[in-house]
Amino acid sequence: MFTGIITAQGKIITHEKTTPQKITVQAENFFDSAKIGDSIAIDGVCLTIVEKKADTAVFEVADETLRLTTLGNIHVGSQVNLEKPMTIGDTLDGHIVQGHVDGMAKVVAVDDQGADLVITISLPEELNTHIVHKG
């Protein structure tokens with residue numbers, strides 16, 4: 001489980017087009033306490049560390065994950081947002097999210113109303129029941 005609050009940014013340094021595909025993310029000091037098998041949210045998508053060295057971690061990415069998430073648009077050099085999972089005792093800033101992504105929405109309008117920013121999205125019909133309309 002994650003809060004959805006970005007705690008670091010990393011960079012894609014390799015992208016192997018194997019089956020499954022593998023990406024290597026570099027982020028200074030972010031992976032220090034991480035170990036193989038840990039879950040990390042990368043651009044909001046929960047992935048598992050399969051290899052780890054100093055400031056890098058390798059993740060396997062299923063074809064479906066690439067198809068249904070923004071990870072399908074990454075390339076070597078891409079910046080990605082990172083978050084470690086919540087632990088008991090953490091403050092719950094943000095929201096409780098799983099990082100299991102079922103699809104992508106498209107931003108169709110952004111309305112700056114001074115103190116508020118209203119963002120309108122469109123998404124596949126089958127995902128409507130999973131959307132929190134305010135928050």
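From the backbone N, Cα and C atoms, a Cβ is placed for every residue, glycine too.
A TrEMBL annotation is a machine prediction, not a hand-curated record.
According to TrEMBL, the domain 'Lumazine-binding' annotation covers 1-95 (among others). The average pLDDT computed for the domain 'Lumazine-binding' (1-95) is 92.
Annotation source TrEMBL lists repeat 'Lumazine-binding' at 1-95 (among others). Note: the repeat 'Lumazine-binding' (1-95) comprises 10 helix, 40 strand, 45 coil (DSSP; helix = H, G, I, strand = E, B).
TrEMBL lists 96-135 (among others) with the feature domain 'Lumazine-binding'. Taken residue by residue, the domain 'Lumazine-binding' (96-135) breaks down under DSSP into 6 helix, 14 strand, 20 coil.
Summarising the annotation, TrEMBL assigns repeat 'Lumazine-binding' to 96-135 (among others).
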